[in-house]
């Protein structure tokens, strides 16, 4: 029987990066992945979606060429767009594998199942571990729709496995995945409809974020049905219900974008504590109810992002290598972004949370039309940055951004939050001009000088 210090099940961002850290630091490590290295992120999520959205962004430049004194017409080829996404995934798979080998990690492209608190089974071969890390991730949540077998019913994972070209698409769910796919297909002329059960898309977000999402959807001529339930599919139509009224919506292609659920098959026979959704319960060191078994990433149900998995992995690495960790996971320190056009991003406490917690805070907001760089970029129709800070200590508490490259800008505030910086600290920084990031300087300068002690 092969024996390892650490076995990791799941080769996504958290799993493969943790394996690399532990391998480089002297641990004997095995990584099991039943499909493709990189997990959802590299193969069906972050990387391929951002690859195709880059094509949509370039298409938008062509569509608005006259605004920049140019004349051009964009011709597009869906097969080439999606082939580029596949090529990027393959390149990253190879890069991850090379890094694992260079770190001394044994990689098994096999399905592994936990059989005891110290063993896993893969293709009839048993492996021993001192410590186990479960990084099996999540999968798209599905719902049963009567008659839907007669439609092309898909999840976000299916886009990079099957049919890729649509002239119309109906999306059930009004969140981040919905927005990104809506923007992509609408950019290339498809008719997109979103069906949302709540009274607005992005229902759990701040009003400003929901309004930003609505602006993007409106600009892309996406039809939205809110407070709407799906009843069944028949005769090429979805039967929908809104306020006790039943009506039909013709569609052939339906995307389910209603959240994600745990991939728990690998440990289904193990006595281990789960939450009411089936995700693994963990403590501050990412340990499960079985102390030598850890869990990281989506399988914990915490903020399902690659950056979450990375930070989980850092904490586990320190705990395994040093017996403790000098950092604790906080979802409020994890920035997130939606790669729409323009992008939407946020980090820290939301305005909703601050109000519910009765925090004494202030909000400062600046619009794209007030930023010189936004004028140069030709993006002043909409866009903003809003910054939340404590009214007495001036410590930065959170930030919402709706601007080009918001996914980059938000990291500055993520750093500020992690170091408990104040608006005075941001104001003291120098920024390149013109840039979108200098919006933080303008925001903070508006407050700091009037609050300096004389």
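Glycine is no exception: its Cβ is also placed from the backbone N, Cα and C atoms.
Predicted automatically and left uncurated, TrEMBL annotations should be read as such.
According to TrEMBL, the features are:
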- 4-313: domain 'FAD/NAD(P)-binding' (DOMAIN)
- 41-46: disulfide bond (DISULFID)
- 50, 136, 137, 138, 298: FAD binding site (BINDING)
- 173, 174, 175, 176, 177, 178, 179, 180, 196, 259: NAD(+) binding site (BINDING)
- 334-440: domain 'Pyridine nucleotide-disulphide oxidoreductase dimerisation' (DOMAIN)
- 433: active site, proton acceptor (ACT_SITE)
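Features recorded in TrEMBL, as mapped to the structure shown.
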{"residue": "41", "record": "disulfide bond", "contacts (Cβ under 8 Å, 6+ apart)": "12, 13, 47, 306"}
{"residue": "46", "record": "disulfide bond", "contacts (Cβ under 8 Å, 6+ apart)": "40, 306"}
{"residue": "50", "record": "FAD binding site", "contacts (Cβ under 8 Å, 6+ apart)": "339"}
{"residue": "136", "record": "FAD binding site", "contacts (Cβ under 8 Å, 6+ apart)": "9, 10, 262, 263, 264, 265, 266, 267, 299"}
{"residue": "137", "record": "FAD binding site", "contacts (Cβ under 8 Å, 6+ apart)": "10, 12, 39, 40, 263, 297, 298, 299"}
{"residue": "138", "record": "FAD binding site", "contacts (Cβ under 8 Å, 6+ apart)": "40, 260, 261, 262, 263, 298, 299, 304"}
{"residue": "175", "record": "NAD(+) binding site", "contacts (Cβ under 8 Å, 6+ apart)": "201, 202, 257, 259"}
{"residue": "196", "record": "NAD(+) binding site", "contacts (Cβ under 8 Å, 6+ apart)": "173, 174, 203, 224, 225, 226, 227, 228"}
{"residue": "433", "record": "active site, proton acceptor", "contacts (Cβ under 8 Å, 6+ apart)": "372"}
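Residue counts for the domain 'Pyridine nucleotide-disulphide oxidoreductase dimerisation' (334-440) under DSSP (helix as H, G, I; strand as E, B; rest coil) come to 36 helix, 33 strand, 38 coil.
Put plainly, the binding-site residues 177, 179 were compared by Cβ crowding within 10 Å, and the winner is 179. Of the listed binding-site residues 173, 298, the Cβ environment within 10 Å is emptiest of other Cβ atoms at 173. Computed over the domain 'FAD/NAD(P)-binding' (4-313), the whole-number mean pLDDT of the model equals 96. DSSP assigns residue 196 (NAD(+) binding site) to coil, not to a helix or a strand. Taking the mean position of the Cβ atoms of 173, 174, 175, 176, 177, 178, 179, 180, 196, 259 as the NAD(+) site, the remaining same-chain residues with a Cβ inside 8 Å of that point are 171, 194, 201, 202, 257.
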